[in-house]
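Taking it in order: structure first as structure tokens, then the write-up.
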Amino acid sequence: MGLEMIAVEIADYIVLKKIILVLFCIILFCKIVRYMFSLLKEEKEPITILVTGAAGQIGYALVPMIARGAMLGPNQPMILHMLDIEPATESLKGLKMELIDAAYPLLRGVVATTDVVEACKDVNIVVMVGGFPRKEGMERKDVMSKNVSIYKAQASALEQHAATDCKVLVVANPANTNALILKEFAPSIPEKNITCLTRLDHNRALGQISERLNVLVSDVKNVIVWGNHSSTQYPDVNHATVTTNSGEKPVRELVVDDNWLNNEFITTVQQRGAAIIKARKQSSALSAASAACDHIRDWVLGTPKGEWVSMGVYSDGSYGIPTGLIYSFPVTCERGDWNIVQGLKIDQFSREKMDKTAQELIEEKTLAKSCLN
């Protein structure tokens with residue numbers, strides 16, 4: 001009888017232990033689920049983005065794209081800093097009002113200022129749209145001299161007040177050389193963190209191939225824009241492909257017209273900006289703003305596997321391009337860093353085009369240095 005009671009007590013104890021263990025597991029599971037949900041709900045730290053020349057046409061197209069998440073994705077909150085010159089003060093105020101009125105969920109704050117130091121304070125990403133445009137009757141040296149002055153002042157402010165790891169995209173023309181000036185006067189910003197916009201030309205090339213072949217633009221990839229963001233740039237399709245029902249096919253194989261690809265296609269991309277100005281009597285603000293978002297998004301979040309994009313970056317001597325130039329190369333991006341695509345075959349036609357645009361950049365660099373002196 002005593003043994004039976006002991007056996008029952010042991011059985012009850014085992015059952016109780018099992019119940020306690022199950023309850024513990026349930027509580028632990030609930031805590032894990034609650035923690036995972038808290039992680040999902042946890043908001044990222046806002047990133048501070050500066051747009052210079054924000055009251056201009058490109059700025060007016062760009063800032064709402066950024067605020068909506070087109071640049072850094074739909075889950076990244078941001079604080080927008082907008083800088084412009086004194087005469088644009090009222091326009092800048094109006095733009096800030098519109099951003100507030102639009103009630104963008106990702107927007108955590110707006111600073112609209114004409115003070116370059118205030119604008120550069122703690123910024124993580126800089127899109128430099130502001131610059132002095134070339135006007136009728138002006139010599140190249142006059143334009144360069146104006147931009148040297150602008151970019152020297154802004155570079156100094158970024159050097160002193162921006163976040164140490166800030167990324168800079170120069171949009172204002174001459175974009176490549178303006179980026180070089182910026183690098184000169186902001187030596188503490190890593191050379192890999194200063195780039196210029198040739199993504200607009202890259203996107204234009206994609207669009208032309210898409211139109212020619214009547215395919216989705218998303219099915220065209222790996223065009224290249226080499227060199228300067230100017231009429232000497234070289235849009236190259238020798239390594240570009242199109243996704244078809246039977247797999248990826250080279251663009252040249254599908255177009256079957258080398259004369260068009262080597263002539264009309266290149267000049268159309270080179271002169272697209274001028275053609276848009278002629279058609280709408282204003283510059284290509286919308287496509288430039290969209291390209292700026294594409295550039296930063298791929299740089300920060302990464303390029304798709306097997307694809308590259310065109311970025312104006314500091315030359316390391318790849319493909320025989322002189323070091324010390326900001327030159328557009330094909331690049332892949334990962335974890336906020338870019339790397340030039342290596343090992344692409346360059347034919348004689350491409351070599352001549354690439355060297356021609358490099359020579360123009362050497363001349364611009366020399367001109368910029370003379371303005372500095």
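Including glycine, each Cβ sits where the backbone N, Cα and C put it.
Please treat TrEMBL annotations as automatic predictions, because they have not gone through curation.
If you look up TrEMBL, you'll see 49-67 marked as transmembrane segment.
Annotation source TrEMBL lists domain 'Lactate/malate dehydrogenase N-terminal' at 49-194.
If you look up TrEMBL, you'll see GLY53, ALA54, ALA55, GLY56, GLN57, ILE58, GLY59, ASP84, ASN147, VAL171, ALA172, ASN173 marked as NAD(+) binding site.
All protein chains included, ASN173 (substrate binding site) registers 21 other Cβ atoms within 10 Å of its own Cβ. Annotation source TrEMBL lists substrate binding site at ARG134, ARG140, ASN173, ARG204.
Per TrEMBL, domain 'Lactate/malate dehydrogenase C-terminal' is recorded for 198-368.
Non-local contacts of HIS229 (active site, proton acceptor) by the CB criterion (under 8 A, 6+ apart in sequence, same chain) comprise ASN173, PRO174, ALA175, ASN176, CYS196, LEU197, THR198, LEU200, ASP201, GLY312, SER328. Look at TrEMBL and you will find HIS229 tagged as active site, proton acceptor.
Counting same-chain residues at least six beyond the ends of the transmembrane segment (49-67), those with a Cβ under 8 angstroms from any Cβ of the stretch are 78-84, 88, 91-92, 95, 98-99, 102, 104, 106-107, 112, 119-120, 123-131, 154, 162, 171-172, 282-283, 285-286, 288-290, 292-293. Per-class residue totals from DSSP over the domain 'Lactate/malate dehydrogenase N-terminal' (49-194), listed helix then strand then coil: 70 helix, 26 strand, 50 coil. For the pair formed by GLY59 (NAD(+) binding site) and ARG204 (substrate binding site), distance between Cα atoms is given as 20 Å, rounded to the nearest Å.
It is 26 Å from the Cα atom of ASN147 (NAD(+) binding site) to that of ARG204 (substrate binding site).
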